[in-house]
Each structure stands twice: as C-alpha cells, then as structure tokens.
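**Q** Have a look at the structure that comes next, please.
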Amino acid sequence: MSDTGASLTPTTLAPTVAAVVDSFDVSSTAAWIVLIGVCIFFTLLAIGSMDKLGFLGGLKGMCLLNKKGQDALTVDYFLSARDSAGYWSIALSFFASGMGAWVVYGTTEMGANPALSWLGVLGYSGASAFPAIVICFLGPSIKKLSGENAFSTSDFGRKRYGRLMQLAISAVSVFYMFIYMVAELTSISNIFALLTGNTNSAFSIGVTCVIGIFTLLYTGIAGLPSSIVTDRFQGLIMAMLVIILTVAVCSFDENKVTREEFKLASSWTVEGFMAMVTLIIAILCAELFNQASWQRVWAAESVPAMRKGFALGSFFVFLLMMFFGIMGMIAYANDPASYDSFDKFAFLSFFDLLLPLGNGWHIVVLIFVTALAASSLDSLQNGLNSIFYRDALRAGCNAHATASVLVLLMNIPAIWLASKGISVIALFLVADLVCATAVFPTFLGLQETDKLGGLLPAPTELGAFLGFLSGIATVLVNGAINGQNPFQYFWLRNGGICALCGSETMITFIVTPLVAGIMTYVFTHLDLCVRGKENARRSVINFAFDKDDLDDDAAESGDVDIEKPAEEDGEKPPEEKAVPEKKEAAVETVEMEA
C-alpha cells in the first residue's frame, strides 16, 4: 500500500548497497532458489483460486474464496472477484498487498533518526494504516454510486462526473501505481544484492524480471482472485516471520541495548511532528488512488465484511510498521556514533541488526521480502488492469486481454528502471503531490445534492476538473513563494532532514488539497452560472460508444439522463435533487475456458 506510505521508500543507489554488501554472504544460488521457489508456490496458489487443484485436496480448499466450480470460472469473478471474499481474506489481502519490500526501509529510517524518532515512526505507521479506515467509510458509497458492474474509482468518476474526470482519475492512478511498482521492484533487487553481495547489474535485472514475470503470469491466468488468495498466504507468512525475526534479532547480545541507550534513540521532536502531519496527508491522498485497495471493496462479500476486513488490515499494517520503526531505534541505540557520522545509513538500520544472525536467518529474510514484494506487485498489476476493464467491455474488446497487454507494456519500463537502481524518491514526491491535487475534486463527487442552501453545490465535472488544475497551480505558486522554479517544486527539495520533512513541505501538503477542494466549489458555481444548470450537468466529452450506452440506460431505467437536459415543467431544478443515477449495462457473464 503503500506507497502504502512509500513516499519515503529509500530505493537505494548502487554505490550505497555496494558499501555494505560485504557484510552478508548468502550465495547467489540460494537466493535464486528462494526467489523462484516462492514465486512457483504463489503461482500454484493462484491456479488454486480457479478451483483447479483437485489433485491437491488440502491445498485446494485453502485456495478458494466463496466461489467454486463453474462460479470460479466466470469473467466477472476473474476480473473483480465480486462479492466473494470474507473479512479475514480482505484483512490479510489489504495487509499483504500494502506491505511491500519497501517496509524494511520506511519506518526504520524514521526510527534510526533521533530527530524524528517516535513521532516519525508513529506518523509513518498511522499514515500507512489510516487509508483503510477512510475506505471503510467511503467504500460503500463509492460502490453504490459506481454501479453494479464497476471495477475501480475511475468508473466512479465516469458514472458520477463524466469522461473527462474519469480520464483524470485514471491518469493519476496509473502514474501513482507505476511509481509504486518501480519502487517495489527496485527495493527487492537491492535487498537481494545486499544479502548476496552481488551488485552485478545482470543479477538485479534477473531478480526484477523473475518476480515481475511470475506475478504478471499468475494474475494473467487467474485474475483478481489469485491476488486475494495469495495475499492470504503472504499475510500469514509475513506475520510468522516477523515473530521469528523479533525473537532472533533481540536474542543476540550484539543487538541488546540498555534503557539509557534506548532513551538516547527515542525522543519527541518538532521535526517528527511535522513529518507525521505530512506523512498522514501525503499517504492518504496517494492511497486513495491505489486501485489495488479499492478492488477489495468490490471483492468483499458484504459491507460488514468489507469494513471489518479493512479495519483489521489497518491494525495489522500499523503493527508491522511499528515493528520496523522500533527495530530502527534499537539499531541507532546500539551504535549512535556511526549513524551520526553517516558511517551507517538510517534506512539500512534493519540490516545492521541482521548482521549477527547466521546465514540461515538471512535466507529467512529473503523469503520474507520476496513474499512482501510479490504481494504488492500482483495487487498493483491487478489494480492497473481494473482501470481499463470497463471501457474495454463497452468497446466490445476482450477486457482481460486488453488490460493485460497494457499492463505488460507498463511492466517493461518499470523493470528497466528498477534494474538501474535509480532513486525514485523524487518521483514518489511528485506522485504524492499530484494525488493531493486530485483527492478532493474526485471524492467530493460523493456529494450529489446541494448543501448549506446552495453554498456548496454538488460539484459538476468541469468544476471538479478545474479544481484539480487549481491544486496543480497551488504547487507552482508554493514553488515561487519558496524561491524555486515552480515546476521543479514538485520534487519538494526543501532541504529537510528527510524527503518529506520540514515546515515548507508540510504546509504544501496542507494547502494543496484544501485549495483544490475550495476551487472545485468555486468553479462549480461559475459553471452553473455560465453554462446553465442543465448544460453544466452534462458530460464534457464522450467517446463513440458512450452515447448508445447512455441512451440504453435511460430507456431501460426511465431515469433522466445526465447527458440530456431535464424537462423544466414539473421537475425540480438539478441543484435541488440528486444527480440521477444511470444504470450501467450489465456485463455479460460467461464461462472462461479452463
């Protein structure tokens, strides 16, 4: 999920990794066995989600959601796993899909920096868990407004606003998830390089290709159910390994610290508070555009199951993030002089604690991070797919084939960038800020009627889109005020002690979404005044296949189509009634070939 919180994911540069690889000695052969073995295991689980593991009776039952037999072979189940997962499956799926390989870097960096310490760790942990709580409240409404056959919040944008906002939401989501995927691939390749001592670029390319291809393969074979089922196992594996690692790490004398030493590493600071505020806003904005999380809303078998699952998943995320944060604090307390002099790096502090452990434990860590990376990558690939499903079906295309080809095309540059070991922190900051500009214009669409006597009108599509552009303009103005090139300010180079630290960065993340939200209402008022109440409720642009779809919906439902002006006589003006819901044409459910 994060980014869940991946904005601070330190995708390490090759020279940094090279400086510490001599400390570990896992053989490349052992690393390949772990990587390929774990990927094959998850591929079998994915096939099991299609009820195709009859020859493995015990494992077969563990691989199924609440669909089996022919029900597990339908197109809709493949694309959305709609109404199929109980709350435990949702909880473990949210937990596993959000906790990628980046978690061994994220809060450990905060914990190993005494200027951030407790508030930084709590902020990162809480920020990573908070989006699930928000989705608990927004999810049912988004699902209801999107229609029975929706797959993502981009479909919500199309249904509530129109094609223009759907394209804007899709662009923001694709950009964010692509950056997240690059970070995940880079993180796993760096960890394998660190633990094996192999910094050869061919080795890194091989690692990213293997895990990228395997996850793309089994999600292509079994769809979203495969991701939820593998997440179930990945979540359990991660929980068990964290317990084992906690006992192992803390049992070595080399890692034990006194209360006085730990007190030196743990503090409550203003810098930590500012980082906490920034992280909560940045990660929430970004994660609301992570379609991998939203897919779990449609997959849940009921609203109570969805809410309970997301709440439990949020709790698990918080605990895991706190674990790594405290590990970072212990590492700093064990050798503060080396961290203060930068002989040791804060984001590698977890690996500092692993040094006293034997080679076998290092292999256990490789299993752990491989499960982490696979759980995030398969969810991201399915999330990217979901953006394209609805329109592919409308256009009469094979939805699965179309989406898979597009995601494959995105995987190629992602694997290439990851193999280069390029830091993507700057790109993450851009992604977070772009998401911050779009979050209120998008989700204010949940307001379908005017509020406060018309002071807050139900946003129009043009009003929401111009609000989104206003958020971007806010970032540019912030850059000019802070003496930077406006467009370069998206990289937030404010000289803080971490990428998302400092008052300037915090203020930017507070002001940007607020201005975007306010201007959404301002431009909606202007839109209603200039274009008129009926015209302002029309979709700004349409594709060729949209008109027939909307006409059929109106004819079948008898509702007033948002694309057509309402009759004036005997009807309430649009600002006094809910935006009419248009029933989407049902997606034909057919059996997939085995």
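Think of each number as a place in line: the chain as shown, counted from 1.
Including glycine, each Cβ sits where the backbone N, Cα and C put it.
Keep in mind the model is a prediction, meaning the values are calculated, not measured.
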**Q** Using TrEMBL as the reference, determine which range in 386-409, 458-481 is annotated transmembrane segment.
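**A** Here TrEMBL associates transmembrane segment with the stretch 458-481.
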**Q** With a Cβ cut-off under 8 Å, give me the same-chain residues at least six positions beyond the ends of the transmembrane segment (233-252) that come close to it.
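**A** Answer is 42, 45, 62, 91-93, 95-96, 99, 316, 320, 323, 327, 330, 353-354, 356-357, 361, 364-365, 367-368, 371-372, 374-375.
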**Q** At a C-beta cut-off of under 8 Å, are there same-chain residues at least 6 beyond the transmembrane segment (310-333) that contact it? List them, or none.
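**A** Beyond its ends, the transmembrane segment (310-333) has Cβ neighbours at 1, 4-5, 87-88, 90-95, 98-99, 103-104, 106-114, 117, 120-122, 124-126, 128-130, 132-133, 135-136, 139, 235, 238-239, 242, 246, 249-250, 255, 257, 261-262, 264-266, 296, 339, 344, 346, 349-350, 352-353.
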**Q** For the transmembrane segment (272-289), name the stretch out of 85-105, 202-221, 353-374, 422-446 with the most CB-CB pairs under 8 Å.
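**A** Stretch with maximum Cβ contacts: 422-446.
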**Q** Six or more residues out from either end of the transmembrane segment (161-182), which same-chain residues have a Cβ under 8 Å from its Cβ atoms?
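**A** Contacts with the transmembrane segment (161-182): 2-3, 6, 11, 100, 152-155, 286, 289-292, 376-377, 380-381, 383-384, 387, 410-411, 414, 417-418, 424, 427-428, 430-431, 434-435, 438, 441-442, 445, 459-462, 464-465, 468, 538-543, 546, 562.
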**Q** I need to check the long-range neighbours of the transmembrane segment (506-528): which residues 6 or more away from its ends have a CB within less than 8 Å of a CB in the stretch?
**A** 274-275, 277-278, 281-282, 285, 432-433, 436-441, 444, 456-460, 462-464, 466-468, 470-471, 474-475, 478, 489, 492, 536, 575
**Q** Which range out of 85-105, 202-221, 422-446 gives the transmembrane segment (29-47) the most CB pairs under 8 Å?
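**A** Selected stretch: 202-221, with the most Cβ pairs under 8 Å.
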**Q** Could you pull out which residues elsewhere in the chain have a CB under 8 Å from any CB of the transmembrane segment (202-221), counting only those six or more residues past its ends?
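**A** Here the qualifying positions are 28, 31, 35-36, 39-40, 42-43, 46-47, 50, 185-186, 188-190, 192-193, 196, 227, 230, 370, 373-374, 377-378, 381-382, 385, 400, 404, 407-408, 411, 414-415, 418-419, 421.
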